[in-house]
């Protein structure tokens, strides 16, 4: 007989190793679909690992994919900490990118430091403003933010479509629906030449550290944690639940908006309607894998990015569908959720003595 | 004479450890048919753990549970299976009810007794059985009402009916009166007595001596996980039981005479808009002076919640004025009230008093986190927070692993002490205590009372909202009664007796009562 008993406190070592074990379990479980696809198992894993970690190119690819994931992961982590379920990071990412193009495609020009700051701020504000609406609707009207933020994603993507086929359309694009390019002074510089690693990485890492310090060491961060864990007690103690929620919503949206700025001003150089392969949604998985810890988000983002890059390589190398990446990430999420049970509960086998 | 009744349940040397803590240490217990057994002990004595082992929620580390079968022979109960416990006729009513609020009473009761994949569902048989049960037990409740709309007392009746509906022969109630008014408690015990006369065996967990002495046939006292005594209730006296339970003599706190000073809180015809009698206040007036305790009595749900919300800053009045030390209060916000120097003890520790997942230090600093004491330039001063928590732990003798432990790990009494430490910190001029001792054990109750009276002696004005009439008489200089959202004038407690107060709580005019 197997039973679960609650633990008083989770041992620290277990809490730290559980996600790692969960990730390994997910990779192991991926053997089932790989075999089902008819690929040689060992070869598949080998190609995947080499594709993700086996070369300089692979590593830089992982880093460049992890960059937006860190930011969208942080966006989800900080919001979920306050129990504000922002599913709209995808939309906020796109609106951040639109704002970056609006500011950084030549309407103004100036020294790079100024222009880069301008596109970053514009993107962050756009994302924040987009998230304020659903947050206000939640705190004032009780509207479910899962629904409102999710549906806003589709509205924003249609808006992007309008912009890139209309006001922002690049006249030089030979009819392709894409925006005018980001001018050189506003582009995020490459960190490593001839790779896709750009300064957005620094923005993401600084943001992760900043969110960590903010949540753990500041008064507003304290309020966010209190409001998230028990809004009634936080309110009774004199905290403004509405104000705290609006702050969280704005920060969450801003982080997702920054992800969009990085993609458009650091990587692509112009806006299209396929700028993000779902980084906004993957950010939710990243945040969950990280247990909503801002520093954990960085590690989780690298893990998810490595899985995506490795699976791409596997699909090219031995003809397994690259959708396997989504499967592995999903398995990892399930494993982490299960490991959450293990860390909070003790598993007992058989009957105790007596 | 009782020994002739057949044994229906036997616990043998039950031992249960949680890490280093021994929650139950070789506890033996025997129950006979038709008897009411009280399990008396302080919080943390192991009462609930023992019952959870009986019901199969926990696995004992050692010992076994035997239950009489249909022929009266004792059979071991498979451990760790609530299903087996239910099948053996053990019904449990938890302290925190386990009802689905969105379903009807009938659905709640039949939930889990019906096949999962049945195409057709007939409620006729269930309804007939329940009507019969209600007629026999006196537990009446509207079967078609939605649980969310029912009061606490009614919800408890549903829980008991749920157990009886499953043919329970042994009924376990965990702190059944913790959420009830004195009147409701009397009703409950009358019902239990009637059920016992029909052959049901009842175990109830309690730390209230009054009800143990008045309602049980036999009492087992637990302390620190061990059974320290077992007595026939008829031959036991309260003082001895109290000492057995706590392990030492208890000093009762006394209210010293004191002249009240100037008015601290003045409510002048204050109304609060609300959607029902619970959340509404109708033109309430009250004067609360330095160095006095004014008690607010009333049957639960007569507007006490609204009054507490108002004076805690959670709701704004719709009419009337509220004055604190000659200053009209205009900003109705809990933060402003904290800043104005009002110490507030909320009704529900868990939902409003603490953030369970945060540490004791963080909870002690919860209300004043924005002040210079706990932050500089927006950054938290962990040292100051920890120090404040350590002072609270020392000053209030809070039993805990340390200031960094999550506060949810604390027992009710210790959690309440932490809240008390926070509310009384900085010597507030006005203290709002809403059900400050609900669910606490004798030792913790005495401590809360001592602190409130000490605050009164140093000149604080205390508004005590309580459903415990003994507490009201013990602490209050004056008592007012809430009835249907209105508050009577506060009368000197010395001139009041229980009967008069009871009549006032039922809505009778005090002048008319006196006549």
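Backbone N, Cα and C define each Cβ position, glycine as well.
Curation plays no part in TrEMBL annotations; they are all automatic predictions.
Sequence annotations record features per position, and here TrEMBL assigns transmembrane segment to A:62-80 (among others). Nonlocal intrachain contacts for the transmembrane segment (A:62-80), taken as residues 6+ away from its ends with a CB within less than 8 angstroms of a stretch CB, comprise 52-53, 86, 89-90, 92-93, 127, 195-198, 200-201, 203-205, 207-208, 211, 215, 224, 228, 248-249, 251-253, 255-256, 258-260, 262-263, 266-267, 276, 279-280, 282-284, 286-288, 290, 292-294, 297-298, 300-302, 304-306, 308-309.
Taken from TrEMBL, the feature transmembrane segment covers A:92-108 (among others).
Look at TrEMBL and you will find A:114-134 (among others) tagged as transmembrane segment.
Annotation comment: TrEMBL describes A:146-164 (among others) as transmembrane segment.
What TrEMBL records for A:197-215 (among others) is transmembrane segment.
Residues or ranges marked as transmembrane segment in TrEMBL: A:236-259 (among others). Within the chain, the transmembrane segment (A:236-259) has long-range Cβ neighbours (under 8 A, six or more residues past its boundaries) at 67-68, 71-72, 74-76, 78-79, 81-82, 84, 86, 88-90, 92-93, 95-96, 99, 120, 123-132, 134-136, 138-140, 200, 203-204, 207, 211, 220, 223-224, 226-227, 276, 279-280, 283.
Summarising the annotation, TrEMBL assigns transmembrane segment to A:279-311 (among others).
The list of residues near the transmembrane segment (A:323-342) in space but at least 6 beyond its ends in sequence, with Cβ under 8 angstroms from a Cβ of it, reads 4, 14, 18-19, 21-23, 25-27, 29-30, 33-34, 37, 282, 285, 288-289, 291, 303-304, 307-308, 310-312, 314-315. Look at TrEMBL and you will find A:323-342 (among others) tagged as transmembrane segment.
Remote same-chain residues near the transmembrane segment (A:114-134) are listed as 75, 86, 88, 91-93, 95-100, 102-104, 108, 143, 145, 148-149, 152, 156, 182-183, 185-188, 199, 203, 246, 249-258, 260-261, 265 (criterion: CB distance under 8 Å, separation of at least six residues from the stretch ends).
Sequence-distant contacts of the transmembrane segment (A:279-311), counting only residues of its own chain at least 6 positions beyond either end whose CB sits under 8 Å from a CB of the stretch, comprise 19, 22-23, 47-49, 51-53, 58, 61-63, 65-66, 68-78, 80-81, 87-93, 153, 204-205, 208-209, 211-212, 215, 256, 259, 263, 320, 322, 324-325, 328-330, 332-333, 336-337, 340.
Residues of the same chain lying 6 or more positions beyond the ends of the transmembrane segment (A:92-108) and with a Cβ under 8 Å from any Cβ of it are 68, 72, 75, 86, 115, 118-120, 122-127, 130-131, 156-157, 159-160, 163, 168, 179-183, 186-187, 252-253, 256-261, 263-265, 270-271, 275-276, 279-280. Below 8 angstroms of C-beta separation, residues 60, 63-64, 66-68, 70-71, 74, 77-78, 81, 116, 120, 188-191, 221, 224-225, 251, 255, 258-259, 261-263, 265-267, 293-295, 297-298, 301 of the same chain, each at least six residues beyond the ends of the transmembrane segment (A:197-215), sit close to that stretch.
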